[in-house]
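Peer 1: To start, I am sharing the structure in question, which I have written as structure tokens.
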Amino acid sequence: MSYLEGLMSGYYWFQLGLIFSLPYVIPRGMHFKKHITILYTSTILCLVLSFIISPMYSEFYAELSKEDIHYRFILNSSINFLLIMVFSLQALSHSKFFIKKISIDKQLAENEKERRTRVLSNLGHELRTQINSINGVTQLILGGDLKEVPNKKYFEILDYCNENMLLLVNDMLDIHKIESGHFELIKEPKALYKFLNKITIPFINKAEEKNLELISYIDAKLKDVVVNVDEKRIAQVIYNLISNAIKFTEQGKITFFVKVIDLNKTNVVIQFKVKDTGIGIAPHNLNKIFESFHQIKNEKNPVYGGTGLGLAISQSIIDAMNSEISVESRLGEGTCFQFTLKLQREEALPNAQINTDAFTGDFSLNSTILVVEDNMVSMMYAKKLLEKHVTKVYHGTNGAEAIERIKEHKDIDLVLLDLEMPVMNGFKAIEHIKKIRPDVIVIAFTANIPSTEILNKLDSLGFDDILSKPFNKHQLFTVLQQYTLQTEA
Ligand code: ADP
């Protein structure tokens, strides 16, 4: 109608400019693309409609009486007023929506800040507990407060604290990987029966200390079954469930069941269960325990320690294996965690894995090894482990020194090469080493937890294998024996 009024209609065109500038006037308006699209589309639709409809009424305007003009003017003004109201309301509702969104964002940021503070204080507490024990034992040994020569017991305490701190750091790295979407499984053919039979061994002492019975039933159908699996990650889940079961049980027993549900030529379906007779979990807490850093705390619960990460990590691992962990529990009666995995069967184990029980007694490897490591303690540890069992050990503290040793000593047939070193790192050093001696075996030595990306990079650079730090004697020689000849000592 404005259009049909001829010149008069120009008075209303300014509204179009207003409507189109609205999103720029509202703070953060450009972030809400959906709403702005609705606003623009409805405006353009109104405009197009008026262009289509108005010519249909053109003849009525040919001879307009004064009353008609008056009537049209009132109608026109009213419609304009209504439109302004509608657009203002729309603008208001958008502003309200934006303000609500901003306050939700603010609340989320505050929650995240609170979570971080809780996480840090939890972690700090757990680390300080271990450091306190290490401090206590070293002060006793160094301060001369001990009447007797420090015996194995004190070193066992240090070893225990060391292991706990390592677990803590690994949990932190795992949760970081999970939250940033970089978590992945590293699958290999493995025979699960033997491994599952031994999995409760590290917990025997802990259960005995609390007078708890620790029972494990492993289905005999698993004997001789080789599957493609990330064995370390399955172990991590089971360790976490069993250690929780022991931690939260004061009397009774812990049972670990492994049952074969289905076994055919290509797959095996296995059910895992960890059951305890402990304090149990209230129904309203059953879902929360899988959230990272969540621990059930109330006046009745004594402080059990821990970070609240174990179940969150376990659930993500099982999730990556296309399954889920479920939990049944009754307060005061006990808890049962279970998950079922469908694993792909493999023909047989690769040869290198068969001899996993070696390296307990006397043995020697027919090999001359160069250890390249900038950390003096790691170097001392690796050299001490190697010296007794290999032909000769040379050492270097950076990539440049490694190249020199390789040029000097033609008898070196294997290099343990740290990746992060000053002067020249392992990634650069291997290029030169392989040019001088293409036949030499080079094993990467790293404190990073290997991912597919790192493994691929190492592979393309010519590394033959990888050894993660910290490592024990068994892990070191399991890797080495694949590349060297073993002779009876
Ligand atoms: P953490 O054991 O380090 O606290 P978890 O993620 O492993 O962390 O467990 C989270 C919480 O779930 C525990 O703090 C505990 O409250 C509860 N929980 C886990 N397992 C059990 C269990 N077997 N019995 C009772 N409560 C449990």
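Using N, Cα and C of the backbone, Cβ positions are placed for all residues, glycine too.
Reproduced below are the annotations present in TrEMBL:
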| type | residues | note |
| --- | --- | --- |
| DOMAIN | 122-345 | domain 'Histidine kinase' |
| DOMAIN | 368-484 | domain 'Response regulatory' |
| MOD_RES | D418 | 4-aspartylphosphate |
| TRANSMEM | 6-26 | transmembrane segment |
| TRANSMEM | 38-57 | transmembrane segment |
| TRANSMEM | 69-92 | transmembrane segment |
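In the displayed structure, how are the listed features positioned relative to their neighbours?
Peer 2: In the three-state DSSP reading, D418 (4-aspartylphosphate) counts as strand. Its own atom aside, the Cβ of D418 (4-aspartylphosphate) has 26 Cβ atoms within 10 angstroms in the protein chains shown.
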Peer 1: Going by DSSP, how much of the domain 'Response regulatory' (368-484) is helix, how much is strand and how much is coil, in residues?
Peer 2: 51 helix, 27 strand, 39 coil
